[in-house]
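Annotation comment: TrEMBL describes A:41-110 as DNA-binding region. The annotation compositional bias 'Basic residues' is assigned in TrEMBL to A:23-32. Taken from TrEMBL, the feature domain 'HMG box' applies to A:41-110. The region 'Disordered' annotation in TrEMBL covers A:1-44.
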DNA sequence: ATTATGATTGTTGTA
DNA sequence: TACAACAATCATAAT
């Protein structure tokens, strides 16, 4: 089975990967306190995030002194850009599968919503 | 105690 | 085509 890098072949493009034009402060995330749509499937992490999961472990092992994620984030980005495409494909595959699952979950979520989630809140 | 912020790239939706 | 917003993480600052 070969790597099904469907979306992998071209990680480039999109908008300038460098300094994005006009990047104002990202709006603060809504407080999780409101248990509104906890059942709504959230966007799956991207390949980069999966890579970060592994990277964090390694990074912490070699740099137990590091504290915040910011340094790790930079290190991740730098490493990611230097990573070989073949190694990236591995993460792209995971992300791709997760996206498919996410879409499926979204469909079921919509169905459930129409089913009776609106009038009766089980649980 | 609780919440927002900081940085990183990828994916997606909208105009 | 191009931009805006959001995904996880977690120490830190602020209230």
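Each Cβ is built from the backbone N, Cα and C atoms, and glycine gets one as well.
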In this predicted model, what is the average pLDDT of the domain 'HMG box' (A:41-110)?
86
With DSSP as the reference, give the number of residues of the domain 'HMG box' (A:41-110) in helix, strand and coil.
56 helix, 0 strand, 14 coil
